[in-house]
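Straight from TrEMBL, the features:
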REGION    129-150  region 'Disordered'
COMPBIAS  133-147  compositional bias 'Low complexity'
DOMAIN    256-291  domain 'EF-hand'
TRANSMEM  386-404  transmembrane segment
TRANSMEM  465-483  transmembrane segment
TRANSMEM  518-543  transmembrane segment
TRANSMEM  564-586  transmembrane segment
TRANSMEM  592-610  transmembrane segment
DOMAIN    619-740  domain 'FAD-binding FR-type'
TRANSMEM  746-767  transmembrane segment
Amino acid sequence: MVRTPSSGGGSSRKSGHRRIADILADDEDSSDESVFNGYGYGYGGRGGGMLPIFLNDQSDLVEVMLELDEESMVVRSVTPTSTAAAAASAGRDSSGSLSRSSSTASRIRRKFAWLRSPTSRRTLADMLATDDSSSGPLPAPAAAVSSRDARRIRARLERSRSGAKRALKGLRFISRTTTGAADAAELWRRVEDRFALLAKDGLLSREDFGECIGMVDSKEFAVGIFDALSRRRSQNLERITKEELYEFWLQISDQSFDARLQIFFDMADTNVDGRITREEVQELIVLSASANKLSKLKEQAEEYAALIMEELDPENLGYIELWQLEALLLQRDTYMNYSRPLSTASAAGWSQSIAGGPKPSRRRWFSPRRVAARLRLAAREKWQRAWVVSLWLAAVACLFAWKFTQYRERAAFQVMGYCLPTAKGAAETLKLNMALVLLPVCRNTLTWLRSTRARLFVPFDDNITFHKMIATAIVIGILLHAGNHLTCDFPRLIDSSPARYELVARFFGPEKPTYGSLVAGVEGVTGIAMVVLMTISFTLATHRFRKNGARLPFPLNRLTGFNAFWYSHHLLAVVYLLLLVHGYYVFLVQEWYQRTTWMYISVPLLLYVGERNLRAFRSKAFSVKILKVSLLPGGVLTVTMSKPHGFRYRSGQYIFLQCPTISPFEWHPFSITSAPGDEYLSVHIRTSGDWTQELKRIFIESYFSPHSMGRASLNELGPSEQRRQPRLFVDGPYGAPAQDFRNYDVLLLVGLGIGATPFISILRDLLNNIKLADELMDLAMETSRSEVSSNSFSFSTSSSSIKKRTYRTSSAHFYWVTREAGSFEWFKGVMNDVAEMDKKGIIEMHNYLTSVYEERDARTTLLTMVQALSHAKHGVDIVSGTRVRTHFARPNWKEVFNKLASQHPGATVGVFYCGTPTLAKELRKLSLEMSHKTSTRFHFHKEYF
């Protein structure tokens, strides 16, 4: 039912009845036809009145009461027709009826949103009405309105189907969109459960609305949605019933982009006049920034609101309308393309959706082809580790079997049984493992080996993993060796008959020993002491204790953390001395050449001791002068030091730092963030442990003023405001997986948080060398033009030498994923330097902020638009403050690998990762899969922090 004004006009209202179909039919020939056709409405039916497609279902017809005046039309009521009512009484339950009528009502309001809006519906002639006798150009306000009206019509005519389809994926108010009735029912059931917990007397308060619909961390934004939906009902609600909550839920979970856009518009349109002013845009920006915990954006909300108004309101009318906001969202990809040289073209294609993709189809439980493919991938990935571990296990097994067989044939076997050969076999493996466990931590040796061809078949990246494997084997050997001696050999020897004891009397003396005398002997004391010290060292080296994961009462809480691990590991020096003594006084051995312990451990022990002495000597020579210290957000220190004379390193390597003021014994590793060609050394230190916190305190209190703040810019160095300069010693450099980047055509560098530090040096080094090679090549080309043909051989020789000096790497893709927006301050200067130097698009830089909702979420929609507009105008990202755009949520790593494979067919891609072990598994798996499926070869390298 439609209540219309009288045909004569005037302010009085008279009642009249017209069908919606008649209104639509009358509007076909009007100037507003493009409004309906532009929005994609289809019409069906026969005869004069043509019904929209969504009203073709006669069983779903409703009676709509509309109130019209000269300037607006408001939906007053939506009630089912007699057909729908009969269907409801025929068997539909109450909840189904509620769902049907509420859904239909929301659809009517959505399709005819312009009807309910008090926005002026006057024609352009009415808006420009002037004296009939006047002539000349339109006044300035009238010209502005005319210009906007023309833009509105053009925007609706240019609204493409593809743009609307892409828009459907965005502007979501819930974390996952419903894809079917089952999903919708499940999501609503969860909302109902939360309503039961939060509601009081059957009413849900306005403040609890966010928690009820699942926006626990965005309650302010949810309150904005609540108020917008309340204003639609022309009410100022503080509490709602379950039925009203369901109607709200249907609207915010609607699949239609137009419906979601209308809600988003209503959130800003607080005075319900159908227009959004700059102040209302600013308020919505503040809401979005609060929901994403971006305090910096809240402080600049006024500036960004003015930027949006400048873009959408070129006529300076002071407000924007729904169609302008829609045009901005539909042109999303156009605005996002500004960062194509430095980042991905479309964030929608690279941000990982919370809901994920479509469910994979079910596969057969067993497939020979899949099994064979997995075996090939496993062999390709693990063949280096496989042959090293196999060789080690074979050596351990052979030594155990050899010693077991040897003592199985001795007379002592008659006295002690199988306990003796088992203990002796385990002892032989302990000798080997106590020697091998030192090799993976000989850092100088490993650094040198990384530069040789040994890197092709030895997995140096897994040195710490191999160190832990050997340590586990040592624990097993101790249990077998000490356990058999203490619980089996000694009791059987003591309880043996005199006749049997005579078989071993020459080893223990004429009198049978007691259990106490055996334990109190040199062998027993040294053995027990070694077990105790190794138990302490191994326990404090476990991940739980080393990372402060174990909660112990005072004063035992000091036994956790890196310091406890560091000092307890030095107890192993005493263990090796005891091992030499224990091996010399070993049971059942008399000849010196049979005491083989020293033969096993002498070479590795001397190598390790030599490396430690080299470190001590080199650190004294590598005392550095601190040039600059910066305190960055997130508790990160940037220390820029003078480069010691003769100090050479490669990008991706790391150094150890010692501060004698804190401790003369502790050395801590940090990745080098300066390039080899720089005249200084720089490191970024995250203050998360005892030593780093103390270093930060020393710098703040004794080195520079607490208010001195800076950024990690590598182009501006200056003397610090020194009071009392602490001393720092440098040891290194040491090899790391990232130093091998020169061996690959393309680089994929992935850093999590502070894990980006190894790659900053690589990026700068790569650019510096490519720039140098280009300059040398240009110089050689200019020289060749002035030379005669007889010198062509000389030019070709110089050109070949230039090519040899250049790196094999032609491009790099850097992905930095972090949870804190302040982290981008760490390398702000570095990223700007790279963006400025990268004239040929060699490097793609991608920043990802995981603490922000994904880019398709309504809570980040406006921020994404502001981000695009700001960069297009100022060339600076609003989140990172750099020229590199920040993506929201996590990267879709599968899409990243597919992109690299399509861009670089047949190339060798080095995938370097520094971060937590969780993501390493996914990247390793993708590297193997894509190497198998495409012609691009991905080689994965990792290091953990």
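Just so it is clear, glycine is given a Cβ too, placed from its N, Cα and C backbone atoms.
Keep in mind it's a predicted model, so treat the numbers as computed, not measured.
Long-range Cβ contacts of the transmembrane segment (518-543) within its own chain (Cβ-Cβ under 8 Å, at least 6 residues beyond either end) map to 471, 474-475, 478, 482, 485-486, 490, 493-494, 549, 559-560, 564-565, 568-569, 571-572, 574-575, 578-579, 581-582, 585-587. Within its own chain, the transmembrane segment (746-767) is flanked in space by residues 636, 651-652, 654, 670-678, 683-684, 686, 714, 736, 738, 807, 809-820, 823, 826-827, 830, 833-834, 837-838, 842-843, 896, 900, 904, 907-916, 919, 923, 938, 943, 945, which lie at least six positions past its ends and keep a Cβ under 8 Å from the stretch.
Residues in the domain 'EF-hand' (256-291) partition by DSSP class (helix H, G, I; strand E, B; coil) as 26 helix, 1 strand, 9 coil.
Helix, strand and coil content of the domain 'FAD-binding FR-type' (619-740), in residues and according to DSSP, is 20 helix, 40 strand, 62 coil. With a cut-off of 8 Å between Cβ atoms, the residues of this chain six or more beyond the transmembrane segment (465-483) that come close are 388-389, 392, 396, 422-423, 425-427, 429-430, 433-434, 436-437, 440-441, 527-528, 531, 534, 538, 541.
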